């Protein structure tokens with residue numbers, strides 16, 4: 001029997017509540033599909049600060065090093081906002097984890113499920129078509145990290161500058177991740193650039209076009225970033241995998257998230273070249289609703305499904321979870337963030353319904 005070690009970092013706010021439901025679902029699929037997940041739980045974020053004084057304790061990092069994947073909840077909250085920036089939960093835990101594991105590839109799915117069209121802010125006829133896409137964003141290169149960057153001069157002569165830098169190998173590895181993702185989906189990649197203006201985008205387009213030769217089954221399209229933001233609003237159903245540089249992916253992934261209508265539904269993954277991943281909901285720790293049993297656990301559950309698919313290659317089990325989510329939503333069950341009536345299901349009830357639908 002295949003066996004995998006999972007470091008479980010529930011974190012703060014609604015993290016522990018929604019993580020409990022993801023574990024419920026994972027226990028069901030491992031039993032049904034015949035593999036073994038060994039869960040090891042560790043403190044992270046504010047919970048770790050309260051427990052031992054550090055947002056990312058050595059014991060937690062060691063546990064992650066020994067794991068095959070990290071299932072992450074959420075970190076942060078008003079309790080810890082007065083700490084020095086590098087000791088706050090987000091900057092002191094999540095960013096060091098990304099750096100330590102060299103997580104260069106961010107996957108952000110955005111799906112509009114049947115029955116949830118009215119939450120989509122787009123025109124009704126566009127929302128009625130639905131959409132199911134994933135944004136593949138390069139995380140470690142580009143203008144956020146390029147040198148030189150800085151600020152100099154005085155008065156009206158003050159200037160500030162940033163540099164967009166991409167090496168070919170950085171583009172090759174993120175392009176490969178996008179094509180591999182497309183192979184597990186609808187076999188279409190739309191590469192986003194600004195090759196009519198930027199040298200970095202010209203290299204991006206050339207490199208992605210070369211990489212496409214290794215994936216003859218996948219259709220490749222190129223689109224300028226300005227047009228991409230328009231087409232996301234006009235025809236989101238036309239996209240499958242969107243391949244983006246760091247800054248373009250930052251913008252596009254948030255735009256795609258917003259048109260789904262609920263952040264509580266959106267998972268994400270950050271991967272390194274070995275396929276090791278950190279999987280987490282795209283939303284935050286929502287301290288205002290923590291402990292009330294009303295948080296939507298679907299983003300955490302779908303993050304667990306992504307872990308099965310992208311780190312463990314357990315596609316059948318991942319499909320089963322995603323289908324169960326669709327089934328439960330189609331049958332009209334909603335948590336408070338999506339409920340039409342005065343009787344929404346609780347966090348635990350939603351987790352149980354999805355587990356039963358597998």
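Even glycines carry a Cβ here, placed using N, Cα and C.
Look at Swiss-Prot and you will find 77-90, 284-296 tagged as NAD(+) binding site, backed by sequence analysis. The annotation substrate binding site is assigned in Swiss-Prot to 98, 108, 137, 226 on the grounds of sequence analysis. The site 'Important for catalysis' annotation in Swiss-Prot covers 144, 194. For 226, 250, 254, the entry in Swiss-Prot reads Mg(2+) binding site.
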Between residue 137 (substrate binding site) and residue 294 (NAD(+) binding site): CA-CA distance (Å): 31
Those residues of the chain, 6+ apart, with a Cβ under 8 Å from that of residue 290 (NAD(+) binding site): 12, 13, 14, 17, 77
Residue, out of the binding-site residues 286, 294, whose Cβ gathers the largest set of other Cβ atoms within 10 Å: 286
Densest Cβ neighbourhood among 98, 137, 144, 226, 254 (recorded positions), 10 Å radius: 137
Maximum Cα-Cα separation (Å), residues 98, 108, 137, 226 listed as binding substrate: 29
Fewest other C-beta atoms within 10 angstroms, as judged across 77, 85, 89, which are the binding-site residues: 85
226, 250, 254 excluded, remaining Cβ within 8 Å of their centroid (Mg(2+)): 225, 229, 247, 248, 249, 251, 252, 253, 255
